[in-house]
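Asker: Next up is a structure, given as structure tokens.
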Amino acid sequence: MVTQFKTASEFDSAIAQDKLVVVDFYATWCGPCKMIAPMIEKFSEQYPQADFYKLDVDELGDVAQKNEVSAMPTLLLFKNGKEVAKVVGANPAAIKQAIAANA
């Protein structure tokens, strides 16, 4: 399951966890974001040891800017509040590899 962030504080709390947290930075107008969404959902089922979230860059632009996200989709992977991997673009193979390497 992929959970939608509503606030910056939800984001901050989630990434501080002692487990892998995968955040999909997307925009509703972004075609590649829509294309990759079902794959992210599938990865969330394949990797239950990780938590999966999505963040609308138009709703939480300050969070996107703070994390230097300028292209969508961008997936950031965090552990203990630190970024451990970044995948820019709709690249399922690279996303899966980043998750597997850090799960």
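From the backbone N, Cα and C atoms, a Cβ is placed for every residue, glycine too.
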Asker: What residue among Lys42, Lys54, Lys86 has an entry for ubiquitin cross-link in Swiss-Prot?
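Answerer: Record lookup, Swiss-Prot, feature ubiquitin cross-link, residue Lys54.
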Asker: Looking at Lys66, Lys79, which one is marked ubiquitin cross-link in Swiss-Prot?
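Answerer: Among Lys66, Lys79, the residue Swiss-Prot annotates as ubiquitin cross-link is Lys66.
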Asker: Write down the residue from Lys34, Lys96 that Swiss-Prot flags as ubiquitin cross-link.
Answerer: Lys96
Asker: Measuring CB to CB from Lys96 (ubiquitin cross-link), give everything in the same chain under 8 Å that is also at least six residues away in sequence.
Answerer: Phe43
Asker: Please report the three-state DSSP label of Asp24 (site 'Deprotonates C-terminal active site Cys').
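Answerer: Assignment for Asp24 (site 'Deprotonates C-terminal active site Cys') reads strand.
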